[in-house]
Structure formats: C-alpha cells, structure tokens
Amino acid sequence: MEEQRFFFRDTWAEVDLDRIQNNLTEISAHLSKDVEIIAVVKANAYGHGDFQVAEVALKAGASMLAVAFMDEALALREKGITAPILVLGASRPGDVNIAAEAGIILTVFQKEWLKHAQKILKKDAALFLHLKIDTGMGRLGIRTEGELKAMERLFEEDPRLQLHGIYTHFATADELDDTYFNRQLSLFKDMLSIMNHQPPVVHTSNSAAALMHPAARFNAVRIGIVMYGLAPSVKIAPELPVVLQEAFTLHSRIVHVKKLEKGDKVSYGATYEAPEKIWVGTLPIGYADGWIRRLQGQEVLVDGKRSPIIGRICMDQCMVRLPYEVPVGTVATLIGSQEHESISINEIACKLETINYEVPCIITARVPRLYMQKGKLVSLSNPLLDEKSKY
Ligand SMILES: Cc1ncc(COP(=O)(O)O)c(C=O)c1O
C-alpha cells in the first residue's frame with residue numbers, strides 16, 4: 001500500500017494489530033473458557049481505530065464490543081461490523097427504534113426511560129438492554145432494590161424489552177487496596193440475588209478487575225486498556241499476570257534542519273535561547289494534533305538519540321534540539337522505539353501528569369493511523385480525506 005497517496009503531511013501514528021491480537025490472546029488464556037470478552041472500543045478504540053481494533057478483537061475471540069455512545073455503535077455498523085455492540089453510556093429513549101433496527105444493545109438505569117421507550121417502540125421490535133447498577137462509582141445506574149424490582153416488572157410485562165444483561169462498574173479495581181472494591185462486589189451480588197431471573201450476560205469487570213479479581217468475572221468481562229498493551233495503573237502494573245505489548249506509536253519526519261548560533265531564539269515568545277551552536281529540527285506536529293504545549297521539554301527520538309522539544313509547541317509544528325546535523329526527512333519517534341531507546345505512553349502520561357488512557361485518546365483525528373500486521377502496512381485511516389480520493 002502506498003501511504004503517500006493518502007496523507008500529505010509527514011506525521012502519523014502506527015497501530016500494531018498483531019500486538020492487540022497477542023494481548024487479547026494472552027488475556028483470554030488467563031480467563032476461564034466460560035468467560036466472554038467484551039472488547040471496549042469506545043473513543044475510536046482509545047484513539048487506536050474503532051473498526052480495525054474491533055475486527056482484530058473479534059478474531060482473537062471477543063464475542064461482543066462496547067462503546068460509549070450510540071453514534072460510535074452506528075459508525076461500527078456502517079463500517080460493516082455485525083457482532084453485538086453494547087452502548088455503555090446514556091442513550092436517549094427517543095432513539096430506541098434506531099438501536100433496535102441496528103441490533104445495538106443499550107444500557108438502561110431509569111424506570112421513566114423504559115416507560116418512554118415502551119411508548120414509542122414499534123410493535124414487533126425487540127430492544128436488547130443491559131441494566132446498570134451503581135454500586136459505588138456514582139456515575140450511572142440504579143442504586144436501590146426498589147428500583148431494581150420496578151424495572152424488572154416493566155421488563156416482565158413487555159416482551160419487546162429484552163433484558164439481555166446486567167452490570168456494574170468498579171471505581172477502584174486498579175488500586176492495591178481492595179476494601180472498596182469488595183464492598184461494590186458484595187452490593188452487586190445482593191442485587192443479583194433478589195432478581196426473579198438473572199439475564200444471560202452478567203459482567204462487572206474492567207481490565208484491572210478481570211485480571212486481578214477472578215471472583216468478579218461472572219460470565220463476561222469488559223476489556224479495554226490491557227488490549228492496547230497498557231497497564232490499568234502504575235500501582236498494579238508489576239502485579240499483572242500477563243505480558244503486554246503497547247500497540248500505538250507516533251512518528252513525524254523532520255521537515256527543516258538549521259544551525260543556530262549562541263543566543264538565537266526559538267518559537268513563540270522567543271523563550272528558548274540557544275546556549276551555544278546547536279542543530280535544530282522542525283517537526284510537523286503540534287497541539288492541534290494532541291501534542292499539547294505541556295509537552296515542551298519532552299524528548300523525541302532522532303537517530304536513536306533522545307532530543308528535547310525546545311521552545312513553545314505551536315498549533316501544527318514544534319522544534320527539537322538535534323544531537324547533530326541530520327538530513328531533512330529523518331524520522332522522529334515521539335512514542336515508540338528507535339535502536340536501543342524507547343519512549344512509552346507511560347512516559348508521556350507522566351510528563352502530562354495524567355493516566356496512560358488519555359495519551360492515545362488525545363492524538364487527534366488529523367493524525368492518520370497506519371495499521372500494521374507482520375511489520376507491513378495493511379490499511380490506513382485518514383478522516384480528513386475520503387478513502388476514495390485519488391491524488
Ligand atoms: C463501563 C466501563 N467498562 C469498561 C471499561 C474499560 O475499562 P479498562 O479500559 O480499564 O479495561 C470502561 C472504560 O472506561 C468503562 O467505562
């Protein structure tokens with residue numbers, strides 16, 4: 001595949017689909033056979049690419065996908081994904097016919113929502129729903145046994161409303177202290193125990209819980225961050241029972257190289273001053289790509305050497321101090337490896353004082369994603385240019 005014809009700026013992310021597949025294979029080997037994997041591909045698969053990750057996850061054994069919003073589920077349907085898709089976030093009751101027609105499973109947690117849905121749902125429709133219990137996350141979900149009983153009655157009296165699943169979400173599964181986790185788990189079990197009929201799919205665990213707390217697996221787990229090769233938190237990283245490989249890397253090519261004299265300045269505000277004669281390279285990536293201004297000072301790899309970003313990061317470009325003169329077109333790796341050096345997503349998260357989840361998510365759609373399998377480019381997504389464009 002000739003990538004040059006599909007994007008025209010030398011900045012791109014590479015997503016190694018083999019790594020995602022291997023991570024999932026490792027994870028499922030660690031789970032028992034009767035536990036289904038729901039692959040969480042919301043937010044464009046944490047910035048990696050929804051369709052490509054969904055395909056690989058399903059191939060590696062996931063039986064269902066999960067997204068945050070109906071738009072994300074419909075986008076996957078439009079791209080040809082036919083597997084069950086669960087919407088984890090809130091959907092509007094007015095949209096239930098669209099969900100039912102597209103075979104999209106929605107999350108429900110309000111009696112009034114169900115009643116509204118009942119009123120407008122077509123006569124012969126079947127709407128699959130998962131009931132969300134708030135056991136302590138404080139985000140979405142019913143909190144009382146009274147609510148659960150009332151919702152159950154609504155399901156029982158209307159065959160169009162199919163209670164396909166029930167779930168909760170843990171607030172502290174990625175911490176070493178499991179006191180709060182156990183409280184949530186026991187509240188969930190209490191709720192399950194008062195139901196007349198348990199729905200077919202019962203799930204509570206995100207990546208951290210699925211790997212660290214076997215007692216919370218029930219018959220399905222929602223796997224997100226570890227599928228992408230990242231640990232759910234720095235604290236539990238050393239305890240994880242699987243070896244993970246990061247799938248996302250970020251690269252740019254130096255578009256201009258110059259020598260600065262001592263005292264010469266770089267970028268807006270002229271805040272960087274060359275301390276001596278130095279070589280400087282310009283990279284076509286900036287804060288509009290998600291490489292935000294807080295990353296000033298962060299190193300990138302050039303010719304296998306760590307090279308710091310100097311001066312303020314601009315909207316579309318930034319400058320790096322080079323180890324020595326290198327040719328225009330030299331690849332700079334912002335996330336990933338060159339020779340013996342590597343810059344992990346965790347290093348960037350640490351610099352930004354945030355979690356690794358946020359890093360690939362904030363690399364904007366302007367950065368094309370190149371999909372790699374067996375070291376070769378197999379497909380590419382560049383939302384700026386239609387796939388069918390020919391240049
Ligand atoms: C409800 C729910 N389940 C599962 C996940 C996946 O979590 P993780 O990426 O930690 O596996 C998320 C992610 O935020 C979520 O919101």
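Placed from the backbone N, Cα and C atoms, the Cβ positions cover glycine too.
Automated prediction, rather than curation, is the source of TrEMBL annotations.
These features come from TrEMBL:
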MOD_RES   Lys42  N6-(pyridoxal phosphate)lysine
ACT_SITE  Lys42  active site, proton acceptor
BINDING   Arg139, Met315  substrate binding site
DOMAIN    247-372  domain 'Alanine racemase C-terminal'
ACT_SITE  Tyr268  active site, proton acceptor
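All features noted in TrEMBL, drawn onto the structure.
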residue : record                         : contacts (Cβ under 8 Å, 6+ apart)
Lys42   : N6-(pyridoxal phosphate)lysine : Ala66, Val67, Ala68, Phe69, Glu72, Leu88, Gly224
Arg139  : substrate binding site         : His169
Tyr268  : active site, proton acceptor   : Gly311, Arg312, Cys314
Met315  : substrate binding site         : Gly286, Tyr287, Ala288
Next on the checklist: DSSP secondary structure for Tyr268 (active site, proton acceptor), reduced to helix/strand/coil, please.
Outcome noted: helix
Item to check | Model confidence over the domain 'Alanine racemase C-terminal' (247-372), averaged pLDDT | outcome: 98
